[in-house]
Amino acid sequence: MSKATSSLPRTIGAHAILLTYTVIALFPVFVVVINSFKSRQAIFQQPLMPPMPKTFDLVGYTTVFGQGDFFLYFQNSLIVTVVSLFFVLLFGAMAAFALSEYRFRGNTLMGLYLALGIMIPIRLGTVAILQLMVASGLVNTLTALILVYTAQGLPLAIFILSEFMKGVSDDLKNAGRIDGLSEYTIFFRLVLPLVRPAMATVAVFTMIPIWNDLWFPLILAPSEATKTVTLGAQIFLGQFVTNWNAILAALSLAILPVLILYLIFSRQLIRGITSGAVK
Amino acid sequence: MGSLKIENVKKSFGPVDVLKGIDLDVKDGEFVVFVGPSGCGKSTLLRVIAGLEDATSGRVLIDSQEVTATPPAKRGIAMVFQTYALYPHLTVRDNMALGLKQAGEAAAEVDKRITAASTMLSLEPYLKRRPAELSGGQRQRVAIGRAVVREPKLFLFDEPLSNLDAALRVNTRLEIAQLHRRLKATMIYVTHDQVEAMTLADKIVVLNAGRIEQIGAPMELYHAPANEFVAGFIGSPKMNFIDGARLGESVKTVGVRPEHLTVDPKAGTWKGTVVHTEHLGADTNVYLDCEKAGLITVRIFGVYDAEPGSTLYATPDASKTYRFDADGKTVK
């Protein structure tokens, strides 16, 4: 007899659907990674075969490390992503705290105004942003990218975090006030640890588009010294000849840092120390 | 060193008036309970005293010092919350120490006070634990301990027992009563539970719709309610209210408590049909649908068997009936 909460056919069915989806979703990544270890010929002859002793070739990786300054590109990408992420989380959380905690005139309007950014793509303003950066002399600096990405990430961060902050117990904040904690201490020591899972969610959603972006690095910071990985990989894409080994190798390498960051944040998603604070 | 004076305090949230002019005097060492139905403003009043809300108008004085514009930490108060509100990332000891450290107390003094408070509340075995590792009752004791170490002029309790289960509630109630006796501190306690109010208070303040209905000792409120609201709110089961006209009385409403009615199967003042009986062991509540008085509750001490549908006569104790005029005021 089947149990109340699970039946074998259902479990198998659910897993079959989920596994199929996982395979479909991961397949492109898998193909990129296996082909990055193959010779150019093998890539085109048997694109779906894993690298064999005969077809195994690290030419893609040697090209990547030989041509261009990929370590610098990686460093640029990391700096831009991490610094933007830091500012998005810091300012987003602060704005969200103010919106959810304090009653002031225009609170709702301010919240709506900040949420509006979710619906309007920042790329519509590219020309104006470029003019602004030229005028302020920030073209070809990482600062330009960090500023743009911070602005791009804030609306969603504020929207998600303010919902979560409304859920933080008022009693806890008031207990802090009675104990003489400043509003900053209440924010950093009491509220932030409690919304850590939400912060991790926002971090993941903010991080990936920044890491993968090609548009703004290409327009605002295309110089050799400020190139990011995605922009750096473009040198192998020619109008007539494309160095697929190098591109696949560069893309495989670009997955790594973002994967590590994701793993760090997803641990935070699972962990939660809120239990026991309030009933 | 813990008197409180509230002068004409009003509080509005936008167009909604939550407190409509509260005047109150609390003497040093008194245990005062604010009681009232939900939404009556009792918690808001407590938060105004604590400084967590600004009063729209009026003054709050602690020890004859005006504190209306003083931040909560500087008022010399401590508060225990319904949800405990312990800092989840700190141990029990650090939870208690935080306020003192923030106020710049010396480490030795902090240690001394924590030792004293944890002994009093039997919390020593848990000092190194975090709130998540404690049971509900222990958490509430930590919250009380956090208030005790501050040695405040005024203790404020915001429904501290509502999250505890029934058995624990009785125990913690006892602990709070003992704490008050031992510390001789002024305490203000908010609850919607009249049993807590009656058992703990030196003085009960009954609030309704942002106004004080009556202030008095528990027995004063029970024996001499100022109006229909207080009469109905204090006492369980609730007082029976009967339309005066139906009884041929000149007043608007006649009130009689369920325990001040006697029943007899043969003769009595009001003839009625038994609708339902509740057996509680120590006493029995009988619901009677009376021809003259309408549906009334009778509380009989001990076990009493009455079949639904059978006829019973209820007789009120004439010396313990209350009369209320059209405004709800008690007619003497």
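The backbone N, Cα and C atoms fix where each Cβ goes, and this holds for glycine too.
Nobody curates TrEMBL annotations by hand; they come from automatic prediction.
According to TrEMBL, the features are:
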type: TRANSMEM; residues: A:12-34; note: transmembrane segment
type: DOMAIN; residues: A:74-265; note: domain 'ABC transmembrane type-1'
type: TRANSMEM; residues: A:79-99; note: transmembrane segment
type: TRANSMEM; residues: A:111-134; note: transmembrane segment
type: TRANSMEM; residues: A:146-165; note: transmembrane segment
type: TRANSMEM; residues: A:186-211; note: transmembrane segment
type: TRANSMEM; residues: A:246-265; note: transmembrane segment
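Two recorded stretches are said to be in contact when at least 3 C-beta pairs lie under 8 angstroms, sequence spacing 6 or more; the transmembrane segment (A:12-34) and the transmembrane segment (A:246-265) meet this definition. Here the transmembrane segment (A:146-165) has long-range neighbours at 80-81, 83-85, 87-89, 91-93, 95-97, 99-101, 111, 114-118, 122, 129, 138, 191, 195, 198-199, 201-202, 205-206, 209-210, 213, 216, 220, meaning same-chain residues at least 6 beyond its ends whose C-beta is under 8 angstroms from one of its own.
Remote same-chain residues near the transmembrane segment (A:79-99) are listed as 107, 110-111, 114, 142, 145-146, 149-150, 153-154, 157-158, 161-162, 164-165, 187, 191-192, 195, 199, 202-203, 206-207, 210-211, 228, 258, 261 (criterion: CB distance under 8 Å, separation of at least six residues from the stretch ends). Nonlocal intrachain contacts for the transmembrane segment (A:186-211), taken as residues 6+ away from its ends with a CB within less than 8 angstroms of a stretch CB, comprise 77, 80-81, 84-85, 88-89, 92-94, 97, 149, 152-153, 156-157, 160-161, 164-165, 168, 172-173, 176-177, 229-230, 254, 257-258, 261-262, 265-266, 268-269, 271-274, 277.
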